[in-house]
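Asks: A single structure is presented below for examination.
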Amino acid sequence: MEMELEPELEEELGVSLDELRKWIEEQVDSSEAVQKRKADLEQLQEWVEQREKEVADIDALCSNASESVVQCEALVKEVYSNMGLVYRESSSDDEGGKANPSEVIEIDDDDDDDVIAVGCLVPPKKSLTQAKDPALKEASAALQRTSQQVQNLAQTVNRTAQSGVTTPVKTGGPPGQGPLAVPAVFMSSAPRNTPTQPNPNIKQDSIKINMTLLGKKRTKTWHRGTLVAIKQVGNNLKYKVRFENKGKSLLSGNHVAFEYHPTLERLFVGARVVARYKDGNQVWLYAGVVAEMPNSKNRMRFLIFFDDGYASYVGLPELYPICRPLKKTWEDIEDASCRDFIEEYITSYPNRPMVLLKPGQIIKTEWEGTWWKSRVEEVDGSLVKMLFLDDKRSEWIYRGSTRLEPMFNLKMNTANSQEKKMAGQQRQRPNMGALRTKGPVVQYTSDNSAAASTGGGAATPGTPTRPVAPQPAGPPQPSRTESPSFKSQMAKKSTGQLALQPRQGMPSDLQPKPIINALQTNTSRLFLLQSGPVHTLTPITPAPQTVQTAISTYTNERVPQEPSYQAPNDRLFYLTHNCSPECLKRIRPTRPNLHRGRNPLLTPLLYEFRRMTGRRRLNRKMSFHVIYKSPCGLSLRNMTEIQRYLFQTQCDFIFLEMFCLDPYVLVDRRFQPQRPFYFIRDITSGREDIPLSCVNEIDNTPPPSVAYSKERIPEDGVYINTSADFLVGCDCTDGCRDKSKCSCHQLTLQATGCTPGGQINPNAGYHYKRLDECLPTGIYECNKRCRCNMQMCTNRLVQHGLQVRLQLFKTQNKGWGIRCLDDIAKGSFVCIYAGKILTDDFADKEGLEMGDEYFANLDHIESVENFKEGYESEAHCSDSEGSGVDMSRVKLPASSRHGKSNKMEERNSSTTGKSQDDSSEESDDEKDDDSNEDDSDSSDDTFVKDTYYTTSSVWRSYTTRRQAKGLKEESQDSKDGMSVSAGEDRKPPHMPEETGKSKVASWLTNQSSTSANQSVKVEGGIKTEKKDVMTLSDSDDVQTISSGSDDNKEREKKTQAVVKRQVAVKSTRGIALKSHSMMVKSGGGGAGGGGSGPSHGHGGGGGDNGPKNTRLFFDGEESCYIIDAKLEGNLGRYLNHSCSPNLFVQNVFVDTHDLRFPWVAFFASKRIRAGTELTWDYNYEVGSVEGKELLCCCGSTECRGRLLQIIKTEWEGTWW
């Protein structure tokens, strides 16, 4: 039929079927829907091809990743074996593959010893979108597993050794799925036990006959040998070793070592090992003690203290474990000085005082009993490379060695302080001068593991941390808890009441009132502010209608915004004229405090002065210079011209301290707090001339309730005579610009004659209303008896009160602090320290009852007298023309150890005869061989304090072995130098010339003549010998000293009553004296040109010939007064501590010239940027407060780590 219809259709339609089919296809192709569908299909095809290519790439990546993981595993195994770690392989099934994946990774931060919790995104078990291609799905799953395994491997490798056994994060997928099921990696390290004790779970390796060991020879070096026999000698086993280089020895278990390298699990601080020491091309094996475990700071090396005094870093392949070490490993060290040091080091670990040094610093270093000028070449972990400038010889020294001058000073100062405490001459309070010298400081470091075990980084002393999130519904809780024993050792600073309480001294209408309780779930940051000077900013929720109304009314109110200063654009021209008051007549204000509350450095600009900064390029260096232009067009290029202009125009509303020529101090840089939770416009309630605002950007905790007072308040028993009849006044009419004619300036200048050298400084005092550095002898300002103009006088600064704009703010981890709102120029006056003035006895009682965290010592008299004493006491480290100072006659005062034999005798006896330990060498043919070896390789005097400082013993860290022969030859001279008897004449020999070296030698001779057995006078004129024997009572509060005779029983009772106080007081002296005061005799003998008096009040009048303490002239007073700002004071109480402070303390006499009652003022020691916290150095003396320990977390690069440290003292072989 079709064949029949085709001709009919073709005839009827007039077209053939092929043509019709072709036409239909053309019409379909021309349709938009069909074309769109076709394009989609083409694009889909391209996507499929691209996906196939990606799958191929992923397969290649997976293959490469699998190979990389295998290579990484091999490298990790090699690293583990080199480091002594145990590498174990286990699949996810062995470790519980069905366990939930971990969501938190603990990272041990080596920099600040904090444990940070980092949230880890766990991969989902199932993909959100199912892939259509099975190959693509499998490749994606394999890639996901591989990336997770690589992450686990990186996490395991980066974990430090102290973090214990590391368990990798489990993947979300089922265990063992896919071709890349790589076993997990585990790091097994020493458990977190006591860092100075061995792991009790590890058994000792057995010692068998014919095994290869290392044995100790008579030359103190260790050599390889074979164990030939084990003998029972008494209750101990002896091991007979035949050395490879001929010879036999019968040795004890602590004098033989295994030949293999130990694992990390077997090592700890204090472990006895044999290590290789390299000196050029020579290599020896010596016994030593592990002082540091590997960590990132020492580049994964072990610090070894060798028995002969060396200190060196070695790797694990260079260590060999001692077979049977003693329980107290330091008892195996023959040298007594080194043994004592190691014992003290291990017992006090991980607290290690070390000198903070930087390359290029110049310090004094001891070598062969003489102090030499040396330069820091390189610092490597706990070691420092010192270059002796005289002979260009370099040497590596442990940074905690007393061969370094700062450490020597610290040890001597601690010993002297303990002696004075025992003798009742010094109260147990720290000396906390406000400024330390710029030289190296002693830093207290802690081991990472020990720090981690305490729960993270410690907060700054005296300030418990607060939660970051606001909690107005209840009292905030500390975010970190501390044990009671830890709290009892901390001198905590008060961070305020937990709840809002009425503020003392404030009217009831100014009390901060919480308006509405905040909900913790509220994420919006809306604030409701109370009108008035005091505001409580509280996040609120837009719930009730009444609250909505309040929000709409007060939402736009924030912390007051200060209008910005706009410099005028018009040019200012100068016409020649003589400046007079008419130049400022146009701008002279009707009231002098028109711009009070603004930045004082901006005030001249507000009165139409111009401050312009010019620059010039000289020798490719850009320099800047600030020029002021007066309203009359006169250019003022320096402070002299500015001062002259102010006096010519009689300007009494703009003052000299309001001008600054430092181009880096910006006068219009304002600091604005970031959306605080709590804000107070002025916490002083108008008592200060400048408002002191308060903000809390952390939570809504208010500041502590303290009665504000900008003046000092004498308490009962304190009388300050401020009568003008007892003041010295001047008659200046030139604003006291001429210091030679001003009586008050002359008081300041003449006082500088009390400094070392006795020379008067003609430039002392204020320099254009600024003080660049501390003046230890104090500044005498003009007073009410002077006839000079109070506003124009250049010698009136502190008495004008607060001028800079400051703000009280809540810090993250230091409680409340003070920061500046504007830039502060160097030398500018900031504020004073005010509070109640207490007597010493009353301060002791109140400090024990209420706390001593806000005590400050008015010790100006002691500061100046100690400063004068320090001239001779620190002469041995002065930069004189002599290359060094002989310390062969210096002796540690009041040493608690007796009967110690001479070190050279010990050295000779240890090298010439048989060893005195339990090791004995047989008389075999090895004697001839041993006798040819260097017998001088005996113990040098190292690491430790010593009773006498001979040529061979000065608390040294280590000495070079090449010095042994020289020391041995000088041994007889050292013995002669130490044989000074107590009955000899104590006067120094006559010196023909008083050169730098002769003065030092004279002083050292005086020191050596004061032996441990001193003659003291008793009733009846009979002299008895006093033996210094320290007796420690069972109580932690009392530490006494007994003379060993019945004659001093009464004195012992007095001592117990004095030294039991444990009050920490800040010192208000402006400088930190070098720790050499212990070198000055504290007794009554006043021979030679050395000390000028005792360093504290109780020391005065100790002998008939000694100079009398100045304080004794004030009705026999013996102790200084205390400023207590705990309950009543000014903003100075909030200034925190820093080891790199930006403020220094200066004693200023304003209303009285009584040396006991200076004003305590703070000045800027450097340029301070707006928004920077203001800090000063409390300068606590380590070990000065018994039973107290304060950690420092100031964050400075020069942080010393400790403010107060419990110091251990050796007595009868035990550390207390």
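In case you wondered, yes, glycine gets a Cβ from its N, Cα and C as well.
What you see is a predicted model, and the numbers here were worked out from it, not measured in a lab.
What Swiss-Prot shows for this protein is this:
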- Cys730, Cys732, Cys736, Cys742: Zn(2+) 1 binding site (BINDING)
- Lys814, Gly815, Trp816, Asp852, Tyr854, Arg1133, Asn1136, His1137: S-adenosyl-L-methionine binding site (BINDING)
- 918-940: compositional bias 'Acidic residues' (COMPBIAS)
- 1082-1105: compositional bias 'Gly residues' (COMPBIAS)
- 266-329: domain 'Tudor 1' (DOMAIN)
- 356-412: domain 'Tudor 2' (DOMAIN)
- 595-666: domain 'MBD' (DOMAIN)
- 728-801: domain 'Pre-SET' (DOMAIN)
- 804-1179: domain 'SET' (DOMAIN)
- 1188-1204: domain 'Post-SET' (DOMAIN)
Asks: By a simple count, how many Cβ atoms lie within 10 Å of the Cβ of Tyr854 (S-adenosyl-L-methionine binding site), its own Cβ left out?
Replies: 27
Asks: For Arg1133 (S-adenosyl-L-methionine binding site), just give me the three-state DSSP call.
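Replies: In the DSSP reduction, Arg1133 (S-adenosyl-L-methionine binding site) maps to helix.
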Asks: In whole Å, how far is Cys742 (Zn(2+) 1 binding site) from Arg1133 (S-adenosyl-L-methionine binding site) when you measure between their Cα atoms?
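Replies: Here the two Cα atoms are 34 Å apart.
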Asks: Between Cys736 (Zn(2+) 1 binding site) and Lys814 (S-adenosyl-L-methionine binding site), what C-alpha distance do you get in Å?
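Replies: Rounded to a whole number, the Cα-Cα distance is 42 Å.
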Asks: Between 266-329, 595-666, 728-801, who has the most Cβ pairs under 8 Å to the domain 'Tudor 2' (356-412)?
Replies: 266-329
Asks: Taking 8 Å from the centroid of the Cβ atoms of Cys730, Cys732, Cys736, Cys742 as the cut-off, which other residues in that chain fall inside it around the Zn(2+) 1 site?
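Replies: Same chain, not in Cys730, Cys732, Cys736, Cys742, Cβ within 8 Å: Asp731, Asp734, Gly735, Asp738, Lys741, Ser743, Cys744, His745, Cys782, Cys786, Cys788, Cys793, Asn795.
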Asks: Here's one to test understanding: among the binding-site residues Gly815, Trp816, Asp852, Asn1136, whose C-alpha is closest in space to the C-alpha of Cys732 (Zn(2+) 1 binding site)?
Replies: Asn1136
Asks: In Å, rounded, how far does the Cα of His1137 (S-adenosyl-L-methionine binding site) sit from the Cα of Cys742 (Zn(2+) 1 binding site)?
Replies: 37
Asks: Within the domain 'Post-SET' (1188-1204), count helix residues (DSSP H, G, I), strand residues (E, B) and coil residues, in that order.
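Replies: Across the domain 'Post-SET' (1188-1204), DSSP assigns the residues as follows: 0 helix, 5 strand, 12 coil.
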Asks: When you measure from the Cβ of Cys730 (Zn(2+) 1 binding site), which residues in the chain that are at least 6 apart have a Cβ under 8 Å away?
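Replies: Within the chain, Cys730 (Zn(2+) 1 binding site) has Cβ neighbours under 8 Å at Cys736, Lys741, Cys742, Ser743, Cys744, His745, Cys782, Cys786, Arg787, Cys788.
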Asks: Can you tell which of Cys732, Cys742 has the most other C-beta atoms within 10 Å, given these are the binding-site residues?
Replies: Cys742
Asks: Under a three-state reading of DSSP, tell me whether Trp816 (S-adenosyl-L-methionine binding site) is helix, strand or coil.
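Replies: DSSP call for Trp816 (S-adenosyl-L-methionine binding site): strand.
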